[in-house]
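Trainee: Below is a structure I'd like to ask you about.
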Amino acid sequence: MLKDPSAILTLILVIVSAGFILETVLDFLNIKSRKKDIPSEVSSFYDHARYEQSLKYNREVTKFGLLTGTVGFIATFLMLMFGGFGLIDQYIRQFVQSELWIPVAFFGVIFIASDILTLPFQYYRTFVIEEKFGFNRSSIKTFFLDKIKGYLLGALIGIPILLLLIFLIGRMGPDFWWIFWIVAALFILFINAFYTTLIVPLFNKLTPLEDGELKTAIESYSRNVGFPIQNIYVIDGSKRSSKSNAFFSGLGKRKKVVLYDTLIQNHTTAELVAVLAHEIGHYKRNHIIKGFILSIAQTGLMLFIMSRVIFNESFSVALGANSYGIHLNLLTFTLLYSPISTVLGIISNLISRKHEFQADEFASVTFKPEAMKNALKKLSVDNLSNLYPHPAYVFVNYSHPPLLTRIAAIDQAAVRRH
C-alpha cells in the first residue's frame, strides 16, 4: 500500500478527515456540556453575571475554534486533492537548485502562506473576542511586533535544525535518526535550561521581585521544604492580557520562578505561595525529569519510524510531485504520523494530569490546602475557565485537570491524611 501513490494519498485524506471529525465532535460535546448552575464549590467566587460571562466566553471561543479548524481543514484537503504541495515544489525548483535549501524554501513558503491564511483569525481572536471579554491588553503594534519576532526566532532556530536534518538524511541514510535524536535531546535540554534567559526577554520584561512580604514568604517556604530559591521574577503579562499564570524554568542553579504581574495583583500572599508550592511540587516529584524523558522518548520513536519510510519515492508522488523530494516526504510522513501523535498526546495528557494532582497534593501538605484551592478558584474566575468541560474533551485535550476535579482531589487527599 505504501508503494502506491494513490493509496497513500487516500490514506492521508482519510487521516486528515478523521482528525478533523474528531476535533469537531469533541468541540460540539464541549459546547453542549455547559451547565447554568454555579457549582457550590465556587459559589463565593462567582456571581451570576460573571458566571454567565464565563459560559458565553467559552461558547464563543469554541465556536470560533470550529470555524478556524474548518478553514484549515478545507485548505489542507484542497491542497492534497489538487496536488498543491507538488506545485509549490515545482515552483521553488525554478529558483533554488540546492537540494539542501529546497526544503527550507518549501517549508518557508508553506509557513508564510499558512500564517497569512490564519492572520485574520488571530487578529479577530485577540482584538474582538479577547477584547470583548476584557482580556486583551495588547496593542496593534505589539501584536505585529510579536509576529515579526516570532518569524525571526523561528527562522533562527528552525532553519539550522532543518538543514542539519536534511544533511544527515542525505549523508547517513536510514541511520540518520539516532544522531538527530541526540541533537534533539540536547536542544530540548538547552531550551529548558535557558528559556527565561534567551527567549522570554524577546517578548516580555522580567524584573526581580521586590523585597517585601511576598518575597519573604516565598523564601521562607522554599527553605522549609528544602528547595531554596534566589531567582524570583515578575513578568509583565499584563502587556498583552489580563489572564494570570506562573511557571518555573531552568535547571540546577539556573532555576527561576516567574510570576505574572496580573497574578500578583489578584491574589493574596498565601495564595501566591500556594501556587509556588505547586510548582515546587513538580520538581520534588521529579515531574520535570519525567517530562523530559517522555519527550525524548516520543521524539526517538518518531525519528525511528521516519527513518524506515522517509526514502519512499511514492510519498512525494502522492503529494503531486514528479519525483522524490525529501521535504515532500517529510510532510507526507508528518500527515501519516498524526494518528500516532494523537495517541501519544493523549498519553502525555494523562500523565500530565496525574502530575498536576500530585503537585496540588504537595502544595496542600507542605503549605495550606485552603490557600491552594482559593488560588485555583481565583485563577479559574479570572481566566473565565470552563467549569464543566466534557469528559471526552478533557481526556483528549486537557493537560491539567478541570477545576472542580482538582478541588475534589485536594479534599479527598486531606481526608486520607486524617
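In case you wondered, yes, glycine gets a Cβ from its N, Cα and C as well.
Dumping what TrEMBL says about this protein:
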type	residues	note
TRANSMEM	6-26	transmembrane segment
DOMAIN	30-205	domain 'CAAX prenyl protease 1 N-terminal'
TRANSMEM	64-88	transmembrane segment
TRANSMEM	100-119	transmembrane segment
TRANSMEM	151-170	transmembrane segment
TRANSMEM	176-195	transmembrane segment
DOMAIN	208-412	domain 'Peptidase M48'
BINDING	H278, H282, E356	Zn(2+) binding site
ACT_SITE	E279	active site
TRANSMEM	292-311	transmembrane segment
TRANSMEM	331-351	transmembrane segment
ACT_SITE	D360	active site, proton donor
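In terms of burial and nearby residues, how do these features look in this structure?
Mentor: Long-range contacts of the transmembrane segment (6-26) within the same chain, counting only residues at least 6 positions beyond its ends with a Cβ under 8 Å from a Cβ of the stretch, are 66, 69-70, 73, 76-77, 80-81, 314-315, 318-319, 332, 335-336, 338-339, 342, 390, 392-393, 396-397.
Beyond the ends of the transmembrane segment (64-88), by six or more residues, the same chain brings 9, 12-13, 16-17, 20, 23-24, 27-28, 106, 109-110, 117-118, 121, 124-125, 129, 316, 319-322, 328, 331 to within a C-beta distance below 8 angstroms of the stretch.
Only residues 6 or more beyond the boundaries of the transmembrane segment (151-170), in the same chain, are considered here, and those with a CB under 8 A from a CB of the stretch are 99-101, 103-104, 107, 111, 176, 179-180, 183, 187, 199, 202, 310, 326-327.
Listed as Cβ neighbours of the transmembrane segment (176-195) (distance under 8 Å, sequence separation of 6 or more from its ends, same chain) are residues 161, 164-165, 168-169, 249-252, 254, 288, 292, 295-296, 299-300, 303-304, 306-307.
All protein chains considered, the CB of H282 (Zn(2+) binding site) has 19 other CB atoms within 10 Å.
Secondary structure at E279 (active site), taken from DSSP and collapsed to helix, strand or coil, is helix. Around the Cβ of E279 (active site), a 10 Å sphere holds 23 further Cβ atoms from the protein chains shown.
Neighbours of D360 (active site, proton donor), defined as other CB atoms within 10 A of its CB across all chains, total 25.
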Trainee: Check D360 (active site, proton donor) against DSSP and tell me helix, strand or coil, would you?
Mentor: helix
Trainee: Roughly how many angstrom lie between the C-alpha atoms of H282 (Zn(2+) binding site) and D360 (active site, proton donor)?
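Mentor: Distance (Cα to Cα, whole Å): 9 Å.
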Trainee: Using the recorded Zn(2+) site (H278, H282, E356) as reference, state which further residues of the same chain have their Cβ within 8 Å of the centre of those residues' Cβ atoms, listed in sequence order.
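Mentor: So the additional residues around the site are E279, G281, H287, H355, Q358, A359, D360, F362, A363.
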Trainee: Measure from the CA atom of E279 (active site) to the CA atom of E356 (Zn(2+) binding site) and give the result in Å, rounded to a whole number.
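Mentor: E356 (Zn(2+) binding site) to E279 (active site), Cα-Cα distance: 9 Å.
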